[in-house]
Each structure stands twice: as structure tokens, then as C-alpha cells.
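**Student:** After the C-alpha cells below, expect a handful of questions from me.
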Amino acid sequence: MDIKRTILIVALAIVTYVGVLKWNQDYGQAAMPTQNVAASNTAPGIPDTAAGNNGSASADVPSATGNTTSAAPLETPAVASKDLIHVKTDVLDLAIDPVGGDVVQLRLPLYPRRQDRPDVPFQLFDNGGERTFLAQSGLTGTNGPDARASGRPVYSSAQKSYQLADGQDSMVVELKFSENGVNYIKRFTFKRGLYDLVMTYVVDNQSAQPWAGNLFAQLKRDASSDPSSTTATGTATYLGAALWTAAEPYKKVSMKDIDKGQIKENVQGGWVAWLQHYFVTAWIPDHNVTNAVQTRKDSQGNYIIGFTSPTLSVAPGAQGETTATLYAGPKSQAVLKELSPGLELTVDYGFLWFIAQPIFWLLQHIHAILGNWGWSIIVLTMLIKGLFFPLSAASYKSMARMRAVAPKLAVLKEQHGDDRQKMSQAMMELYKKEKINPLGGCLPILVQMPVFLSLYWVLLESVEMRQAPWILWITDLSIKDPFFILPIIMGATMFIQQRLNPTPPDPMQAKVMKMMPIIFTFFFLWFPAGLVLYWVVNNTLSIAQQAYITRKIGAATKKAAA
């Protein structure tokens, strides 16, 4: 039994760490590193021109054909960009390029880039010199202005700056362009407290000819690293594209997949998205039409995922509209679920999602009462421990009985010496006589590992944990303990637990078991502090429970002997 238990513990330790590394392989970013820019002493503003693009909007624009299953890239010549149009709400701070009307800059005022600089918001979109990430949209096809050989349309706006005023619930920003008797309005509608904005094209055809075009919307990103990633050494979250299909509500498309060639799907409704740590950006088309979804690389090597809608036809003297929604913000499951089916799955809890989702649901409800994620994790641990109390109690009783028969095991070892077969047979007979389950001590470990891994992914993926403080030196539960105090405490609790367990009769096994607290402490040094907190509390409760059961059985044994 002892060798089996030792092997199991070592194997689970290895599986845990390999599982984390496997997560890194499957979900981790395969991006090229970029130079990190230190935060300035003043909160930076959005620049007035789209730097890095030389003031141009020379992106690869998809062309629409009669068959919407194909959308080949079309090179458009560079057009000098005018000053950007700035828009600010209570949750968004963005800039729109008049050339094409793309959202080229976007910051999240409620999410600081660094915890020690709350005045510097996290920047989601950037079309500057360091990296490229923006949301593009336009009208292509037969008469679409974005398909012109002369370049994308240059829109005008009544103002250069828009801000949602106090008491104002919504705000509309309109961009206008006219050509060949056709008037175009590109309208952005913002609402207080929302990270999604509605983009509407109004085509007013005052020409003598019918107008036909296709709406396209896409997300363009280079291969730079994830600026929102705060994970530890050996771990990472998924950085890449994803889309919805009827057969697969959450289909990831990595940069490597896009490198292999274009991916094309005909999808009714759905969404296309770009995922990174804690945040997601998604274009959501009209759910009532079938759109051509595709991924590709443009001429500059940027990765693109987007869709092209069916042809919109507008007769002379008539108006036509087409709409899409852009979401750019945190991975809030409740909000994403309301926006579009399957979008909440971008909060990726891995293969143990069926355990992780209930854990997060319970954790949220506890936090609603306590208001602190650290204390919420402690209460959650106590509830989980209470749930498995009967199973743990049976296991600890088995280990207590084994500790009581340890002297008898020593006698058997002296009797049978190096004859392992006879020793094993004698041990099993003794266990049967004493009514001991030789594998009983392994059950708590087996039960805890899925919960442990699920909580790890909850802490890693849930934006609610980002920069969430507990007490004293733990100012962010989503990253490692800066002073490694919790991992050391965790190692100490493991050592105390070992003292309560029966010593393996094999000296080699005993040495391996003594090394386990050191090995686990090393693993936990870089784990999120919230996860280590869970393990510390769990171990502490286990020690109390095991000590109580051991004393109780010891007292009963002495009473029976008397």
C-alpha cells in the first residue's frame, strides 16, 4: 500500500505541473515578444494621429463576390489619415480613424494597466509603433466605397471629440461620406456602462443607379505578445482568434492555424473574436443572416478574423441599413452570454469546465456577501471541505488505524526480511484482520486534484480576480505571492500532515515522502496567490480533522485494550 500511495502522490504532483504546462501549450500565446513600454508619470492620452500606420488606413480589405464563401484580400493604397475622432464614455476611451472609420485606439478606464498606477488605463487597441490591434469595418462589393481603387473613404464628423455627459445614458457618433450621388452614414451608438457599441451603416442612394454592397467587419492583430498577461513562469492563457459555428459554439483558431492557410465558414449569425488574458474583442453580426467568416493574414503579416455579410441592395431614391455590434472589454460571463450565444465560452476553463463553472458561480455569490475575493476563497474552501468531509473522515480513519498497526508492520518486516512477496502477503492479511483499506488514504488526494485544477483555471481566467487584493502583502490574488510567504506556509502544512501519517516501512519510500513538501513548495512558488491560499486553508482544515480523528481512534483503542 505504501509504495502505491507514494507513487500516486508523486504521479499526481507531476500530472498537476504537466497539466499546467499542457495548458500553456494549448492555450498559451505563440506570439513574438515586443518591447515593454514603461508607464509614464502622467496618464497618457490617445495620440492625435494613427502612428505606425503613417496616418493611413491601407489595410487589406476583403472583397465580396456574388458567392459569399469567398473573400479574397484586396490591397488598397495608402491614404493620409486626418486627425482621429476621440470618443469617451464611462467605460471606454477610444479613437476612430476618419479614413475608413476604424476603431484604432481603445482604452479601458476602469481597468488600470498596473495596480500601482490606477491612473493609467489598460490599452486594448493600439495602432501605433509598438503593436497593431484594431477593429475594422466597411462596405465592400460592387459599389462599396471601401473597395475603391483610390482607397478607403475619408469620413467627416461634426466634432473631433465626443464625451458621454453626466446623466446621459447614450451617445451617437456619426461619420459621413458622399460619392456619386450616394450618401453614407457610419453611425456608432454608445451606452452608459456598456462595452459593446452598435455600428450601423446607412446608405442613402440619391443616384439614378441601383446600389449594391456588402458589410465587412474584422479584427486585425499582429503577433506581439499579450500586454494583459500577468501569469507566472511556465503558464499562459490563450492568445488567438475564435469563432462560433452551429456545430462548434466555441472554435479556437490559433495564429499557427492561420499561418497554415485561410479558414472559411458560412455561419448564420454567430460571432468572431480575438481572445487574450482577461479581455475579449468580438464582432457580432446580424443573427438572422448567413455571413461568410474567414481568417487570413494580410500583406503586412497581421492576423485577421472577420465576416462579410450578404449583399445589401438599395434602389435609386431609397435607403438601406446594415448593422453589427462590436464588444471590446472584460471577459464578463454574464454580459457575454446576453450578447450572443456561446460568447461566454471565451472564458475558457479548460477540460474541467463542468467543475470550474459551478466553483466560479459559488465564489461569485460568496463575494457578493463578503466583498473580498480572498475571504471568499477561504469560505469556498471551507464549503468544499465540508462537502467532502465524510470521504475525508473515512480516509483519515484508515490512516489512523495504519498508524496504530505500525509496530506490527515493523515486526512483519523483521520476520520476512527481504522477501517482498511474503511481506506483501502478510501486510494484506494484517490489513484485512484490522479492517483497514490500504488505498483509503489516497482518496482525499484523488478527489481534491480536479477541484484544485478547476480553481486554478478559475483564478487564471476570471477577470474578476485581476488585481483583486486580500490582506497585507497580498494585493493581487491572480499572480504569485511577491514574498513567497503563502507557498512556504503551504509547505509547512504539508510537513505537519506528514507527521500525522504513518511512516512508510521502506526507508526509500520514507525519503521520497519527506521530499514531497519541498517539491510542492517549489511548484507553488509561481502559482496564483489565490490558489495557494486555497491549498493552505485546505491543508489546515485537513490537519485539524486528521488530528481529531487520530486522537479519537487512539482513545478508543486504549479504552478497548483496558
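Any Cβ shown, glycine's included, is placed from N, Cα and C.
Here's the feature list from Swiss-Prot:
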TRANSMEM  1-21  transmembrane segment
REGION    42-74  region 'Disordered'
TRANSMEM  343-363  transmembrane segment
TRANSMEM  369-389  transmembrane segment
TRANSMEM  439-459  transmembrane segment
TRANSMEM  470-490  transmembrane segment
TRANSMEM  517-537  transmembrane segment
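So that I understand the layout, could you describe where these features sit and how close they are to other parts?
**Tutor:** Residues 359, 362-363, 444, 447-448, 451, 464-465, 468-471, 474, 477, 530, 533-534, 537-538, 541-542, 545 of the same chain lie 6+ residues outside the transmembrane segment (369-389) yet bring a C-beta within less than 8 angstroms of a C-beta in it.
A Cβ distance under 8 Å defines the sequence-distant neighbours of the transmembrane segment (470-490), meaning residues of its chain 6+ beyond its ends; these are 115, 230-232, 372-375, 377, 459-460, 520-521, 524-530, 532-533, 535-536, 539.
Outside the transmembrane segment (517-537) by six or more residues, the chain places 13, 16-17, 232-235, 373-374, 377-378, 380-382, 452, 455-456, 459-460, 465, 468, 470, 474, 476-481, 484, 486-495, 498 with a CB less than 8 A from a CB of the stretch.
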